[in-house]
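Below: one structure, written as structure tokens.
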Amino acid sequence: MADLKISNVKKAYDGKPVLHGVDLSIPDSHFAVIVGPSGCGKSTLLRMIAGLEDITSGEIAIGGVVMNDIEPSDRGCAMVFQNYALYPHMSVRQNIAYPLRLAGVPVAERNVRVEQAAKILNLTDYLDRRPAQLSGGQRQRVAMGRAIVREPDVFLFDEPLSNLDALLRVQMRIEIKKLHKRLNATSIFVTHDQVEAMTLADTLIVMNGGRVEQIGSPTEIYREPASAFVAGFMGAPAMNLLPATVGADGQILLDAPGNPQGLARCALPEGSPVTLGIRPENVVLAETSGAGLPATVDLVEELGGSRVAYCNVAGHEMSVVLPASDDPLEGKPVWLTLPNQDLHLFDRISGRRLEADMTTGDKLAKREVETVA
Amino acid sequence: MTTEALRAPRIATRPLRRISEKSGLDTAAGHVLMVLLSIFCLFPVYWMLASSLRPANAMFETSLVPTSMSLDNYTQAIDAIPIARMLINTLVFSVLSTVFQLLTGIIAAFAFARWKFRFDKLVYTAIALTWLVPFQVVMIPNYLLIAQMGLLDSVAALILPNLAAALAILLLAQAMRGFPREVIEAARMDGARNWRILWEVLVPNLRGTIASLAILIFISSWNEYFWPLLLSRTAENSVIQIGIQMFMTAEGNQWGPLMAASTLASLPVLLIYIVLQRQVVQSFMKSGIR
Ligand SMILES: Nc1ncnc2c1ncn2[C@@H]1O[C@H](COP(=O)(O)OP(=O)(O)OP(=O)(O)O)[C@@H](O)[C@H]1O
Ligand SMILES: [Mg+2]
């Protein structure tokens with residue numbers, strides 16, 4: 001059993017706090033992915049788990065054993081670095097065998113295990129080359145090989161695919177997923193890439209500014225983002241987030257100079273500042289006047305299979321995903337409908353999702369949202 | 001995305017080619033300059049060799065190639081001073097100085113590059129400052145120390161103050177700081193402790209730096225003159241530079257034997273340089289990895 005438990009872990013560099021108390025619990029053999037903007041402390045957290053960074057306060061336990069004061073090599077973790085971090089002066093074989101050599105594994109067994117790892121990773125033909133003689137993808141596989149020969153309890157990946165080109169990245173992503181299915185070791189994977197995060201994760205952890213914003217399955221996080229930050233961060237193109245205010249009888253009014261636009265109703269007190277969220281693929285665009293918000297199309301991006309229209313709605317930008325078509329839209333007036341069931345509501349001050357926060361009555365805000373004719 | 005990726009290299013190659021066309025001229029000019037500089041540097045060496053072969057009566061000839069040649073100067077030089085003994089002394093002194101300076105340098109540099117300890121910056125700065133202190137300032141204290149230890153007129157005394165040097169420490173610390181941190185961390189995760197990280201990961205990858213440093217230290221030790229001059233009492237315990245100087249006397253300089261001794265003194269350095277230089281180039285090429 002190698003579940004991972006992180007309790008109120010904080011990190012400060014020279015008194016400057018970087019992590020403000022992280023709590024996490026990852027069950028055995030889960031694949032957890034940490035995402036977040038640059039500088040939010042993802043690598044720091046991962047390196048603390050690995051033992052490469054001191055823990056300022058809090059506790060990290062693997063398989064029930066507190067690891068705070070245990071050497072990196074004795075934690076049962078293997079790490080795959082972004083820049084591969086292979087030993088340049090050793091052959092692929094020596095690179096993969098190095099942890100075994102250090103652990104005092106006899107030569108015969110060492111060879112068997114290296115060959116095995118090489119076979120799993122398709123490296124058999126490259127065993128006698130130096131890292132410099134390999135492509136990026138092959139180097140990445142060597143780094144993985146060096147991690148798997150140790151048969152660790154926990155795999156740590158720090159953006160392992162970000163130096164690869166788009167195609168190879170997809171391939172390696174699939175290989176990592178397969179490898180996880182096969183080895184079933186608890187894995188923690190740090191990435192910037194949304195698709196990687198969504199496809200690899202059993203558990204997705206969204207971090208921001210040294211805090212965990214939300215933990216959940218990828219679909220949970222996509223469907224019910226816990227904060228405006230998560231809503232805007234997960235999904236491409238990003239969710240539209242529009243400033244709005246609750247008016248009389250709970251009507252949500254889009255903030256716009258002159259004429260506030262009524263959008264929906266909710267059970268919030270009048271005057272509450274909120275952020276209204278809707279994913280670009282949920283907005284319905286009509287070219288004939290009628291129901292909906294009047295808008296003009298500023299720009300259309302062709303994506304091949306679909307396209308994204310960037311519309312101006314009373315001074316706010318809104319993106320809309322549309323099916324591919326040759327219909328020229330740029331500069332045209334359009335009408336946008338925001339279906340109620342797809343609306344997300346966030347507190348504009350705290351950024352938190354408005355749902356559980358609702359205290360007015362037993363019904364939740366989202367269920368209360370009604371169309372304003 | 002894909003169209004961008006396809007377009008990018010085509011745009012990139014155009015200015016590149018222009019640069020290489022332009023640099024064709026530049027390299028030709030550069031080569032001419034380098035040839036001239038090489039002649040300028042090599043001529044004195046050639047003149048030394050040529051003069052060492054001229055018989056005594058033709059010593060001041062100005063012909064480029066000696067009109068007559070003899071090895072008289074060499075036999076004279078070997079008779080006058082214990083040249084073999086002196087060369088061995090110099091070799092022992094230079095090799096041991098190099099080995100110890102590298103050893104102490106590697107270990108100290110590792111500490112500075114990898115650890116944080118109290119007053120680490122201060123100590124580092126102090127070491128850097130010792131490099132700026134001229135030899136003349138420390139020679140008297142060093143001399144007195146050696147005298148008290150009863151080591152005057154011995155090769156050991158020559159080596160003693162050269163066991164560690166700031167240059168090696170500073171250069172190696174810099175090289176180690178430049179080494180990718182992640183590789184060291186990978187080694188730590190693989191189970192290597194400091195000692196192994198140093199010898200199995202860092203040192204093999206710093207061969208280029210170490211080899212060039214070795215050449216530097218070796219040559220400067222080989223050419224060391226002042227310190228041996230201070231310590232030596234007998235020719236048997238002295239180094240070759242002192243031996244060469246013995247041909248410069250108050251009655252006049254014996255140019256022939258002096259040139260012969262100088263030639264003999266430069267041969268080992270030349271040899272070692274050739275051997276190590278291959279190593280330097282090789283390791284520079286290998287370290288183009290990362
Ligand atoms: N050794 C260090 N000393 C001081 N501050 C540091 C150190 N390492 C990281 N930081 C700071 O800690 C914060 C978090 O860094 P970290 O590397 O964990 O970010 P990250 O989320 O991994 O970002 P990225 O996605 O760019 O890799 C940053 O603000 C960074 O400046
Ligand atoms: Mg990072």
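Placement of Cβ uses the backbone N, Cα and C atoms for every residue, glycine included.
What TrEMBL says about this one:
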| type | residues | note |
| --- | --- | --- |
| TRANSMEM | B:28-49 | transmembrane segment |
| DOMAIN | B:87-276 | domain 'ABC transmembrane type-1' |
| TRANSMEM | B:91-113 | transmembrane segment |
| TRANSMEM | B:122-144 | transmembrane segment |
| TRANSMEM | B:156-176 | transmembrane segment |
| TRANSMEM | B:197-222 | transmembrane segment |
| TRANSMEM | B:255-276 | transmembrane segment |
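Among residues of the same chain six or more beyond the transmembrane segment (B:122-144), those with a C-beta under 8 A of the stretch's C-beta atoms are 108, 112, 161, 165-167, 169-170, 173, 226-227, 230-231. The stretches the transmembrane segment (B:255-276) and the transmembrane segment (B:156-176) are not in mutual contact, being linked by fewer than three Cβ pairs under 8 Å (pairs 6 or more apart in sequence). Of the candidate ranges B:28-49, B:91-113, B:197-222, B:91-113 has the most C-beta pairs within less than 8 angstroms of the transmembrane segment (B:156-176). Counting only same-chain residues 6+ beyond the ends of the transmembrane segment (B:197-222), those with a CB under 8 A from a CB of the stretch are 90, 93-95, 97-98, 101-102, 105-107, 110, 114, 162, 165, 167-168, 171-172, 175-176, 179, 183-184, 187-188, 265, 268-269, 272-273, 276-277, 279-280, 283-284, 286-287. Within its own chain, the transmembrane segment (B:91-113) has Cβ neighbours under 8 Å at 120, 123-124, 127, 155, 158-159, 162-165, 168-173, 175-177, 179, 194, 198, 202-203, 210, 213-214, 217-218, 221-222, 224, 228, 239, 268, counting only residues six or more beyond its boundaries.
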